[in-house]
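All remarks here apply to the structure that follows.
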């Protein structure tokens, strides 16, 4: 794929000067970002920086108060998550990606169930659903013994991967990931990041929301920094190094402590953690 | 489906054999209720002589609860309650009876109007739930109290007493009775038509739950409402549909109530909503939603029927029914919780 051609075309998703107010509370103001196919745009920020608000606008859960939101060049205001899905934007949430008590195969197809038969006899194609779930997860390296087990019995990383596999299977053009590694250990995080990269290589545009600059820098192509609801910076990977990214995200006072943490968990460790 | 399947599915099947049959059975939500039903059946069969020979009466009593317990179970799997279900049955019967009598129309007109009114009340429950975001417990408690008052109040206003005027001599009464309150004698077995309604509802509800898209959505809105919404499940439509299901069953039950005797006592129905919920819980429904089965609710209703009639045949004081039922509810809930934990740990 030729990166230059793609970059010339309209971005898959483009936000320009987007703001969101809840009553008189400013949740987000003047945020801009671009998502291109085959690229990962990272949104970085501490708790309360407005990351969740941003994700909810892109996912169709909330509407922006002002600013421009374009999908493939077309000005848009998404009414609900269904519309976002129909436009090719799939969102994977950290804590509510799946319904824990339901079997894996029911979760995999939830909201987009394949059916056969007609009229009152229209039914889910259970055979196909079971088979597809198993083979799609196998492709992602998750070998399930039983797709009938409740998805709540899988590990956190596996659940994220099921959600990502689901989005890829259903032909998402843009994958929005909300803190996919926040609750995970290093090894599990590595597994998830690997699938994020795999989705990127498959030509999807990815929005990765995180407060971990190390994870972001490993896979990201563009970085948008949020702070207290406003944009604190926007960079291409070529323009910024990990240290600078971390420094900008953390700000002066916490810098020393963070650089200390950086020393304890340098990047090569994470890379090493990828191997299963 | 076909024998020309690829290697992969075969590989799944092979590994599935390793999961013991017992642990798979333990994973079913109905298990507790099946064990309970067998125990209650054996108990009363031994204790009384007439129990086994009066199974038709037992099944009839079970069907009255069962017709309502099934949609109430679906609603609970969808994560909501309906406390108004009991008095809604009475309201449905009252509307049909009074509309037919006052408008001196064919009873079928009353039956049709009642269907619309009952569905409208069900819709109201669902709509209020969605609009206000309040717990369904509060919303339907409100509907319950309002209906309870209106049932008696309106009946007194129109008929001057707490019961409706008899409609037995009206046009269409016999044909309606045929459908909602008839008895088919098969030898010495009196098959009440409500038993057929009950079995049909269990079958339809099971089909919906396990094999249709709607079923998938019902489990999802109860087990993880936000996750369901995020992947595009129409949460509101699903919940309103569930309330309409309860209303439809309340209408069937109400028509049975009306066409059994031709008159309706306006104060009836209070407390029945708890029977329906108890039957659903005994049948394996989680109070928190997202888990349960329609067959289980059917069996839960069967336990109700057996206990109710069994106590009559054993010539015990009727009040022991409540004690028995409470103990059953607790046992079933504990058993279900234990079984589920084991099933999930044993994977």
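Cβ atoms are placed via backbone N, Cα and C, with glycine included.
Fair warning: this is a prediction, and the values are worked out from it, not measured in the lab.
Residues annotated as transmembrane segment in TrEMBL: B:31-51 (among others). Tertiary proximity for the transmembrane segment (B:31-51) is limited to same-chain residues at least six positions away from its ends with a CB under 8 Å from its CB atoms, namely 25, 58, 282-284, 296, 299-300, 302-303, 306-307, 309-310, 313-314, 328, 331-332, 335-336, 339.
Listed by sequence, the residues of this chain that lie at least six past the ends of the transmembrane segment (B:58-77) yet keep a Cβ under 8 A from its Cβ atoms are 51, 85, 89, 190, 192, 194-195, 197-198, 201-202, 205, 208-209, 218-219, 222, 242-243, 245-246, 248-250, 252-253, 256, 272-273, 275-277, 279-281, 283, 285-287, 289-294, 296-298, 300-302, 304-306, 308-310. Positions annotated as transmembrane segment by TrEMBL: B:58-77 (among others).
Residues or ranges marked as transmembrane segment in TrEMBL: B:83-101 (among others).
Remote same-chain residues near the transmembrane segment (B:108-130) are listed as 80, 82, 84, 88, 91-93, 95-101, 136, 139-140, 143, 147, 167, 172, 175-176, 236, 239-248, 250-251, 254-255 (criterion: CB distance under 8 Å, separation of at least six residues from the stretch ends). Residues annotated as transmembrane segment in TrEMBL: B:108-130 (among others).
The transmembrane segment annotation in TrEMBL covers B:136-158 (among others).
Cβ atoms under 8 Å from those of the transmembrane segment (B:195-220) belong to residues 59-60, 62-63, 66-67, 70-71, 73-74, 77-78, 227-228, 233-234, 238, 241-242, 249, 252, 256, 290-291, 293-295, 297-298, 301 of the same chain, restricted to positions at least 6 beyond its ends. According to TrEMBL, the feature transmembrane segment maps to B:195-220 (among others).
Look at TrEMBL and you will find B:240-264 (among others) tagged as transmembrane segment. Here the transmembrane segment (B:240-264) has long-range neighbours at 64, 67-68, 70-72, 74-75, 78, 80, 82, 85, 88-97, 111, 114-115, 118-119, 121-123, 125-127, 129-130, 155, 163-168, 173, 176-177, 179-181, 194, 197, 201, 214, 218, meaning same-chain residues at least 6 beyond its ends whose C-beta is under 8 angstroms from one of its own.
Among the features that TrEMBL reports, transmembrane segment is placed at B:276-304 (among others). Listed by sequence, the residues of this chain that lie at least six past the ends of the transmembrane segment (B:276-304) yet keep a Cβ under 8 A from its Cβ atoms are 28-34, 36-37, 40, 59, 61-63, 65-66, 68-70, 72-74, 76-81, 85-86, 198-199, 201-202, 205-206, 208-209, 219-224, 325, 328-329, 332-333, 336, 340.
Residues or ranges marked as transmembrane segment in TrEMBL: B:320-339 (among others).
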